[in-house]
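Residues or ranges marked as active site by TrEMBL: 144, 457. Taken from TrEMBL, the feature UDP-alpha-D-glucose binding site covers 114, 115, 144. The feature Mn(2+) binding site is assigned by TrEMBL to 278, 302. TrEMBL lists 27-46, 58-76, 529-554, 566-583, 657-678, 690-707, 719-737 with the feature transmembrane segment.
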Ligand SMILES: O=c1ccn([C@@H]2O[C@H](COP(=O)(O)OP(=O)(O)O[C@H]3O[C@H](CO)[C@@H](O)[C@H](O)[C@H]3O)[C@@H](O)[C@H]2O)c(=O)[nH]1
Ligand SMILES: [Mn+2]
């Protein structure tokens, strides 16, 4: 019999009406202004006196081209603002535990030097401790390095879990990542209902001792071994596969603990076979888990993204089990949040705009982009398009590879709970983890996580959406997953270069969102994907606008309307409207004015460096000069560097390829401003040059920390003068040279 509970919805969705109205009004006004800008530029071109030398038009064209690119990216960006929504969900209305589906958890790690084993194990433990029926939870750890350290860590984590899991359930602990739990205790932040009970206090003490012993064990094991320092197994991995299922009866001290499965997987790697980085690792887990647990839903986590709240699986099920949306729903994405973000977040490590404004906006269309970690995906959605496979065994093998067991699992529609004989089962997984398994199959092309881009998450999500799947953005107040954000400039820029290369390559390959996407999904949704693929192009207008108007200021070439010209106000309006809209969004999503300025600055710094290198990298890959690479980020916490970040001080100890453009551009802006003011004082045409003058002032003001790092700061994070002085001198010589050429020509 149906009760009224059954008919209550598991989730609801609300359009943010006020915001929608405001956004659309802003889009209208800003677009009109952009229309006037184009009109002004085109008229100028048509009226330009023939007699003048063509060369004078070059800077003018470059600036116009920049304005067009900026407008293009702006238009794409508006799709996110069209219909932002928020969602509510009611896990208490879910069916009883025995009706919940099974869930597999995939965790990837690759490098024990950059990804400390203890932290990875903390992630594993937090996933095992999810508030979900233990027999329905299966945790898989992929170790791309095949490191004995990690394997040992998993064995120890399994032992510790037999203490940790019952402790968490008994006291309904919220923070189930041991490291986070114990450090919160130190900060006296213990909000457990049992805080005062003496049994709890005693148990807590005992569990703390167990954790310390577990930590010590991992540390000692590490000490006893010499680690291959330089990139163990990242690119040129060479090892055979290891698969180990943690066995139930290791520890007899604690009885009757229901434990989720825990499986360690290290796939086979050979230098001669491309391993496709994280996507390759996930696909191996996808196959192995299919013949072990074959759960219909999968949670994917990076090794540093621990579960900060045990309830996420139930939240996700509020969508996956909703009969109205479940048939087309591929994944439920949670925002990426980080545990080490400072108040003003100088590097925008939290990617504020992406995980608040943009993903909420896409949620009102067909759903957010897959974001690599913290999402619950439906296994069948990763099996490729069903109609193209048929039922012929030979065809299926061409699709999925030679494993009969795997094909059987697909045929079971991902709903079985296979009772496997633990020892006999390892033969098939070994085949599935071999590096030759995928040869001649559709893995990475149509099946599983896709290989054509190093941002496998974007591409996989994009193709899912193209195939008619949808996604949902789930954003509970308490962050469900917490990762380690990059908190030093060098890491931020290296990570950015990888991302933007990966994103831009999707804009120039066959999966271009504006062609491939447009014919397969609604316009606005494809514009959102297009923004992600093309915003690395910011590098072009930013380089242009940081040099051309300034050089022209120095040489007395006006590029913008005079102050007395009505079109002056159009430019002013566009500039202010963009800035104020950004400010409004920062404030609305919990940021401060400082955060707003910091975002402007890091956007400029990234645009002139890693956007540029990312685009170049993608182009070089396209013509076949470069190979794909995936340098994992550093997850080790460095106190000194963390301190700089917490104090809002930029850590300028960055690689020269990042430092040189910054010093170069700031020198150009300062010297052109000084030279330009001097020239205007002589000539007196200030109203013609005002915009260029203001532009230089604006850029210098926003990037003041670079000047500070050059001249004022004395700490370790300052800009090395050894690098800066030659760059500054070279820039000045170049400027003098430009001025000479200009004087020769006119
Ligand atoms: O060959 C590899 C390389 C990476 N990883 C794992 O992939 C995850 C992400 O790597 P990380 O170094 O943390 O990169 P980020 O730039 O922080 O990752 C973001 O960007 C990636 C795409 O570039 C996404 O896959 C991630 O989910 C997303 O958090 C980590 O768990 C790694 O261990 C592998 O398993 N094998
Ligand atoms: Mn990461």
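Cβ atoms here come from the backbone N, Cα and C positions, even for glycine.
Unlike curated records, TrEMBL annotations are generated automatically.
It should be emphasised that the depicted structure is a prediction, and the values quoted were computed from it without experimental measurement.
Shown on the structure are the features that TrEMBL records.
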{"residue": "114", "record": "UDP-alpha-D-glucose binding site", "DSSP (3 states)": "coil"}
{"residue": "144", "record": "active site", "DSSP (3 states)": "coil"}
{"residue": "278", "record": "Mn(2+) binding site", "DSSP (3 states)": "helix"}
{"residue": "302", "record": "Mn(2+) binding site", "DSSP (3 states)": "strand"}
{"residue": "457", "record": "active site", "DSSP (3 states)": "helix"}
Check the transmembrane segment (719-737) against each of 529-554, 566-583, 657-678, 690-707 and return whichever range has the most CB pairs under 8 Å.
657-678
Listed recorded positions adjacent to ligand 2, that is, members of 115, 144, 278, 457 whose C-beta is under 6 A away:
none
Given the recorded positions 114, 115, 144, 278, 302, find the one whose Cα is closest in space to the Cα of residue 457 (active site).
278
Can you name the residues of this chain that are 6 or more positions from residue 302 (Mn(2+) binding site) yet have a C-beta less than 8 Å from its C-beta?
107, 108, 372, 373, 483
If you count Cβ atoms within 10 Å of each one, which of the binding-site residues 114, 278 comes out on top?
278
Out of 114, 115, 278, which of these binding-site residues is nearest residue 144 (active site) by C-alpha distance?
278
Looking only at C-alpha atoms, tell me how far residue 114 (UDP-alpha-D-glucose binding site) is from residue 278 (Mn(2+) binding site), rounded to the nearest Å.
15
Using all protein chains in view, find how many other C-beta atoms are within 10 Å of the C-beta of residue 115 (UDP-alpha-D-glucose binding site).
25
Largest tally of Cβ atoms lying within 10 Å of a Cβ, found at which of the active-site residues 144, 457:
144
Rounded to whole angstrom, what's the largest C-alpha distance between any two of 114, 115, 144, listed as binding UDP-alpha-D-glucose?
13
Can you work out which residues elsewhere in the same chain, 6+ from the ends of the transmembrane segment (657-678), have a Cβ less than 8 Å from its Cβ atoms?
489-490, 493, 546-547, 550-551, 553-554, 605, 608-610, 612-613, 689, 692-693, 696-697, 699-700, 703, 706-707, 710, 719-720, 723-724, 727-728, 731-732, 735
Positions whose Cβ lies under 8 angstroms from the transmembrane segment (529-554), at least six residues beyond its ends:
59, 62-63, 65-67, 69-70, 72-73, 76-77, 79-80, 358, 369, 458, 462, 465, 500-501, 503-504, 506-507, 512-514, 517, 521, 560, 603-604, 607-608, 611-612, 614-615, 618, 665, 668-669, 671-673, 675-676, 679, 689, 691-693, 695-696, 699, 735, 738-739
Cα-Cα separation of residue 278 (Mn(2+) binding site) and residue 115 (UDP-alpha-D-glucose binding site), in Å?
14
